[in-house]
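**Q** What Swiss-Prot shows for this protein is this:
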| type | residues | note |
| --- | --- | --- |
| BINDING | Tyr130, Gln188, Asn211 | NAD(+) binding site |
| BINDING | Ser237, Gln259, His262, His327, Asp360, Glu414, His419 | substrate binding site |
| BINDING | Gln259, His262, Asp360, His419 | Zn(2+) binding site |
| ACT_SITE | Glu326 | active site, proton acceptor |
| ACT_SITE | His327 | active site, proton acceptor |
Amino acid sequence: MSFNTIIDWNSCTAEQQRQLLMRPAISTSESITRTVNDILDNVKARGDEALREYSAKFDKTTVTALTVSAEEIAAASERLSDELKQAMAVAVKNIETFHTAQKLPPVDVETQPGVRCQQVTRPVASVGLYIPGGSAPLFSTVLMLATPARIAGCKKVVLCSPPPIADEILYAAQLCGVQDVFNVGGAQAIAALAFGTESVPKVDKIFGPGNAFVTEAKRQVSQRLDGAAIDMPAGPSEVLVIADSGATPDFVASDLLSQAEHGPDSQVILLTPAADMARRVAEAVERQLAELPRAETARQALSASRLIVTKDLAQCVEISNQYGPEHLIIQTRNARVLVDGITSAGSVFLGDWSPESAGDYASGTNHVLPTYGYTATCSSLGLADFQKRMTVQELSKEGFSALASTIETLAAAERLTAHKNAVTLRVNALKEQA
């Protein structure tokens with residue numbers, strides 16, 4: 001089905017509607033699973049030696065030093081323009097402001113007299129950030145990951161990226177307080193972060209995007225007892241736009257294309273109650289597509305994308321919630337009034353002047369978001385992902401005495417005798433003291 005095909009939602013059967021909201025299949029195979037498993041085992045067993053072999057095999061690079069030196073990072077900084085450095089500084093300031101505001105106050109309550117319960121937060125001690133290489137270095141992801149890690153108070157923050165690492169990534173790492181950067185990419189980088197090598201330290205949690213091999217490696221290490229936790233499940237990028245007749249077609253088209261250019265497996269969807277708006281957006285997409293350097297990539301993504309006409313805006317919201325997009329853009333009159341009805345989305349952009357690009361780079365929200373339907377259960381990345389919650393309880397003699405019979409009754413009902421005894425022994429001790 002061509003992207004230019006305008007679909008009337010209410011003329012479709014329930015099965016057709018379901019098909020319209022299906023996402024492109026994620027490329028997985030037994031061969032990827034086996035290959036990644038072998039890489040993990042090899043790196044775990046042979047450490048740095050295995051990392052160098054994989055760099056030669058996959059990156060066609062001879063790596064003499066796995067650790068990037070301070071001199072290399074300083075030289076990278078010198079090669080960047082002041083304009084780019086200033087732009088990064090503005091982005092970091094906004095990310096800092098938004099994520100600092102996410103700090104949770106401690107909870108400290110008396111659930112009943114003499115029974116004190118608290119909730120406190122502690123940072124994840126060590127985190128590893130993975131940043132892909134390629135022709136378009138994702139240095140903005142360094143800002144999005146390293147900044148909240150620093151605010152959370154993570155003691156160890158390290159970064160891996162395939163060699164040669166772009167100057168922008170090295171500078172962003174320095175700007176955000178990353179302590180060590182390593183010349184290693186792919187599934188082998190995930191293995192190094194999960195298990196540790198002579199050069200790369202083992203970390204508690206791994207963050208960052210990657211290809212099918214990186215994604216599979218993260219999945220596997222998160223399921224190994226000696227592995228590491230990961231940020232969230234990964235999938236192709238996506239955006240859904242809700243637009244009414246007052247939206248600007250060129251703005252809508254540019255937002256759709258900014259997501260489509262990410263990759264051929266990206267998906268973009270327009271929902272509008274105005275058929276004429278759908279037609280005008282399709283025309284604007286074609287005009288803008290012709291000017292894009294990544295036009296072929298975007299065109300492939302558009303082949304699995306949709307222009308859907310609905311009954312009204314309420315139905316747009318209903319369909320959007322059913323789909324649960326990574327990015328949701330609402331370009332309608334009084335866009336904010338629709339927010340309360342949104343139940344599943346990674347990040348929401350309201351009005352004509354809130355392009356997805358703002359959140360991707362510099363508004364302050366995080367661009368690491370759940371995708372592929374995971375918005376039903378997962379949240380956008382935030383400060384909490386770099387922290388742990390811990391509860392504390394303290395019972396006075398009086399508080400314990402008042403609660404003891406309740407605990408004994410519940411423990412006996414579950415036939416957990418030792419649990420009951422732990423209370424009964426204390427009750428008897430109090431009686432002896434009386």
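Glycine is treated like the rest: Cβ placed from N, Cα and C.
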**Q** Could you work out which of the recorded positions (Glu326, Asp360, Glu414) has its C-beta surrounded by the smallest number of other C-beta atoms within 10 A?
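**A** Relative to the other recorded positions in Glu326, Asp360, Glu414, Glu414 has the fewest Cβ atoms within 10 Å.
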**Q** Looking only at C-alpha atoms, tell me how far Tyr130 (NAD(+) binding site) is from Asp360 (substrate binding site), rounded to the nearest Å.
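**A** That separation, Cα to Cα, works out to 17 Å.
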**Q** List the Cα distance (Å, whole number) between His327 (substrate binding site) and Asn211 (NAD(+) binding site).
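**A** Asn211 (NAD(+) binding site) has its Cα 20 Å from the Cα of His327 (substrate binding site).
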**Q** Go through Gln188, Asn211, Ser237, Gln259, the listed binding-site residues, and name the one with the sparsest Cβ surroundings, counting other Cβ atoms within 10 Å.
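**A** Looking at the binding-site residues Gln188, Asn211, Ser237, Gln259, the Cβ with the fewest others within 10 Å is that of Asn211.
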**Q** May I ask which of the binding-site residues Gln188, Asn211, Ser237 is closest to Glu326 (active site, proton acceptor) if we compare their C-alpha atoms?
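**A** Nearest by Cα distance to Glu326 (active site, proton acceptor): Ser237.
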**Q** Could you round the CA separation between Asn211 (NAD(+) binding site) and Ser237 (substrate binding site) to a whole angstrom and send it over?
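**A** That separation, Cα to Cα, works out to 12 Å.
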**Q** Please list, in sequence order, the residues in the chain of His419 (substrate binding site) that are at least six apart in sequence and whose C-beta is under 8 Å away from its C-beta.
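**A** Counting only residues 6 or more apart in sequence, the Cβ neighbours of His419 (substrate binding site) under 8 Å are Ile407, Ala411.
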**Q** Neighbour count first, Cβ atoms within 10 Å, every protein chain included; then name which of His262, His327 tops the list of binding-site residues.
**A** His327
